[in-house]
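> One structure coming up, written as structure tokens, with questions to follow.
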Amino acid sequence: MAREKFERNKPHVNIGTIGHVDHGKTTLTAAITNVLAKKGQAQAQDYGDIDGAPEERERGITINTAHVEYETEGRHYAHVDCPGHADYVKNMITGAAQMDGAILVCAATDGPMAQTKEHILLAKQVGVPALVVALNKCDMVDDEEIIELVEMEIRELLDSYDFPGDDIPIVQVSGLKALEGDTTWESKIEELMKAVDASIPEPEREVDKPFLMAVEDVFSITGRGTVATGRIERGKVKVGEEVEIVGIRDTRVTTVTGVEMFRKLLDEGMAGDNVGLLLRGVQKEDIERGMVLVKKGSITPHTQFEGEVYVLKKEEGGRHTPFFAGYRPQFYIRTTDVTGQITAFTSDDGSNVEMVMPGDRIKMTGELICPVAIEQGMRFAIREGGRTIGAGVVSKILK
């Protein structure tokens, strides 16, 4: 079967469903595909298709995630749904499913529960920019006042985590009734998707951001100079442009004298390309894996940061024993391991803990032995002797 060409005629946005267990995330996801399928904008999927999510490995961590895609009038969406709560935590921290926005599903019958709060907090910490609320199971609540109270409670909760509670749309839906073909509730799903279209901003394309390429390999070509290879993470780079080499040692400036891909010469490389960049006046020993090549002045190296971390359980290949403040692992950042220290930590809700157990989620302060190009929202892994024992996201740069 020939692979269909991916039509790029609409802007692409990544979203997901988040919220408390059994509040109807997967049923709602199925309902969205079914309602849009009637307009030819999706392939209808049932609960079982989505719930039997295959396992994936991301940064050495096994995660169950279901991916569905669909379109609205103006956009193409990739939508992720996770079966278990632990999968959400791992997914959002590793960035396996990068979300440009999320649909927070909350049952009108229960109101916000423990994981509702935890997912809002997680969305804030990992930098999900916008939310839309689907107030689910509204067919089971007859009293309009109860629905109003739940809505108020959700808005207050969103405010308390610094989301704009008053402005976020809350749409009353019933995933189940819409799946069963009830036209009243089908129109509510359409209303929800209109809210998603309007409230979740279109992400800035990687190509439009300032140039950055993490160095994976370096070699010298006799008579031509030094070549650094890697995948361009964002932006573009033209032949003749000045770039900075950042990280590990002092920042220095060089000029790109050639861009090569698949042994062909290019005028410019752009986000997503695997390229070799020929650099003027740079010796092979001046540049190493783990450094980044960037647009001048766009990034500075740092040694201290705060991060949100998920520590792997023993069964996931993590540690068997706890660790304490002062623990010295390697931080795998972009393309290299950098030795560092976890100088302090609290549990994810900010309460003090003496030690970190496998399976915990923590806020930590990390300090690296040499400066590297780290940025807020960037993902990293924590490793010990080459195996991943934790995954994290930088929540704040300290120094």
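Positions of Cβ are set from backbone N, Cα and C atoms, glycine also.
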> For the record in Swiss-Prot, which of the ranges 40-43, 108-111, 136-139, 328-331 is the region 'G4' one?
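When 40-43, 108-111, 136-139, 328-331 are checked in Swiss-Prot, region 'G4' belongs to 136-139.
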> Do you know which of 60-64, 190-194, 265-269 Swiss-Prot annotates as region 'G2'?
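The listed stretch tagged region 'G2' in Swiss-Prot is 60-64.
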> Within a 10 Å radius of its Cβ, which of these binding-site residues (LYS25, HIS85) has the fewest neighbouring Cβ atoms?
HIS85
> Can you give me the average pLDDT across the region 'G4' (136-139), rounded to a whole number?
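In the predicted model, the region 'G4' (136-139) has a mean pLDDT of 98.
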> Where does GLY19 (GTP binding site) sit by DSSP, helix, strand or coil?
strand
> Do you know offhand how many angstrom separate CYS82 (GTP binding site) and THR26 (Mg(2+) binding site) by C-alpha?
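The Cα atom of CYS82 (GTP binding site) is 8 Å away from the Cα atom of THR26 (Mg(2+) binding site).
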> From the DSSP assignment alone, can you count helix, strand and coil residues within the region 'G4' (136-139)?
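Per-class counts: 2 helix, 1 strand, 1 coil.
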> Under DSSP, is HIS85 (GTP binding site) helix, strand or coil?
helix
